[in-house]
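Have a look at the structure below, then the notes.
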Amino acid sequence: KDYAICAIMCPKRSRVSFPALRNRLKPHFGSPNFGNPPSDRPFCRHSLCFSSMDEARILRAAMAANNPETSFKSKLQKELVSRDGRKDLLSQTSCLSLGFKDPKVEAAYRSHRETFSGAATTAVPLVLVIIATVRLILMPSAGGGPVVLVTAVFALMCMAAVSAARSFPVRVCPGLLTASDKVHSTVWLRITWFTTLIFVAATANTIDMYLCNKPFWVMMPKLSDDINNTDDITMNIIDVINNSNFNFSSNMTEDALGNLTQTAAPWPSSSLLLCPHPAYYTYFTLLILLAASLLAQICYIVKGVMILGIVIIQCLMNLLVMSKAFRQTNDWMPLIRLGHDQVSLSAELCLISLLLILLNRQTEKTSRVLYLWRQEVEEQRERAADIRQRNEALVYNILPPHVAAHFMGMQRKNHEELYSQSYDEIGVLFASMPNFGDFYSEESVNNQGLECLRFLNEVISDFDGLLERTEFHDIIKIKTIGSTYMAASGLNPSRLYKEDDPVESRWAHLALLVDFAFELVRALQSINEQSFNHFVLRMGINHGPITAGVIGARKPHYDIWGNTVNVASRMESTGKAGCIQVTEETTKILQHFGYIFEQRGLIAVKGKGDLMTYYLVGKAASPQQQVNGDLEDKSLDNRLDT
């Protein structure tokens, strides 16, 4: 597979055949499959190359493999499309109310906030604005519409602004955001708020419809008198038409129509007919029902009750209150070629309302299915995040923090990449329990050595616990070899010092490593007192340059190498139990920090010859005590000297 991709990227090189690719065979000059046939040769089982279509297919697969995010999204999309949401919903919800059988899941579903729920409320004032505009264009003088509709639009805009504050693209005042969060977080308040929006819009439309036959400019006497006489004029014209048995046709001239109207009374102007289009109020109600269907996070039963209530009121208004307006429109239909039946409009409105209720039920089913899938995705994401945190914690426990951050921050995980870092000024410590070998036995009384290993684990765990203290943050545990504990200081790439810096600044970590060695002694002494044992530590410290790196891909291990490490190991192995042995160079550095040493003399070190070594005795409280050899801690001196 890798060779096929390389062959596509470098077409001048020899191409491998399909059998060779399947058998993981590489072509060579002596192979019969070696060669470069024409690219237009069709692909077959025994062909020597891939066709252009096969190359394109393999190239697309390679590009998808190089983009795991796109591949993941495509797999997720296929998974969601192939899933049957109806089965997922039927097993967890009731059939009629669509409520979840688990009360906790139902409460969580009702309390969660949809991202578009606030923006959907803006449809209600928008619909009422459209209704008011059309109403003022078609029937400008009918009823008290301007006052009612403008008041309702203002109220709905204020309510929609509160509910949709989080959806605004610009920053709004904090008080409005707080009110919006309060509306959406409280279930009963959200339902009351959304139903109030629809109630205000429907009420405004109903009041305007009720006032349709009443003139808006009632303070103008002449216009009011003309409007009051409109019905008499209209009925007079209709009687003349019926008595004359006149047949209207498309060939009627304007003069004939004018002579007909002059026989009864003067033709009334269009402004005097207050409600010429009563059917539009049914259309306005339909727009309000559509706006109600857009509201999210409301049970479809509540929406259905709301829709049925609005439809019943509209039907009663059509059949009772608006019947006179519909009769006028139907009577003038032969002349203006326009007529509506209040019964048919009411029936159509009832049918559309039933369809909207079914649509709202289906929408809620889809919303609940998406909620279940979203919760499943969130649970999987939380589990994945928890697993990732555990893996990161494990990596940070195995590797030093800066090394773990290096590997965890790599965009492309290349396990074969080598990590190494060189350091010039590092302190190395080896601490072992030489008498642990005599303590360990695999007899039955020790459970085949398990009790001995449990004791050793307790000791090492207490040593590791010291590294969690703040003052020892610059010390890193390297490894344990049997009962030997290995640690180092100064392995921090961010720590930068110059050669002309004072010794106290450059080698402060080495003095910290010595303090850590004393703490190891105290920790082991505490364990001895609790377990009635007499274990002692034999330690060796050295300083100098080293090379640090990670070995292994699947099971990485951080280690350090160099002459400094070898000498520190020899200081421990050639030392004396209960003492800390250091070289002469290390002694000269640690004297700047007030430590007291006792010269041991020349010892033979493998690979180094004879080295002058010292025992680190303790730390003086003052320079005078350091010179006189008076110790600050006599009890520590007694424990170190054996």
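Cβ from N, Cα, C; glycine included.
Over in TrEMBL, the protein carries these features:
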- 119-138: transmembrane segment (TRANSMEM)
- 144-166: transmembrane segment (TRANSMEM)
- 187-211: transmembrane segment (TRANSMEM)
- 280-298: transmembrane segment (TRANSMEM)
- 305-323: transmembrane segment (TRANSMEM)
- 427-572: domain 'Guanylate cyclase' (DOMAIN)
Practice task
Six or more residues out from either end of the transmembrane segment (119-138), which same-chain residues have a Cβ under 8 Å from its Cβ atoms?
Solution key: 145-146, 149-150, 152-153, 156-157, 159-160, 163-164, 167, 194, 197-198, 201, 204-205, 208, 276-277, 280, 284, 287-288, 290-292, 294-296
Exercise for the section: Could you tell me how many residues in the domain 'Guanylate cyclase' (427-572) are helical, how many are strand and how many are coil under DSSP? Expected result: 65 helix, 38 strand, 43 coil
Practice task
State the mean pLDDT for the domain 'Guanylate cyclase' (427-572).
Solution key: 87
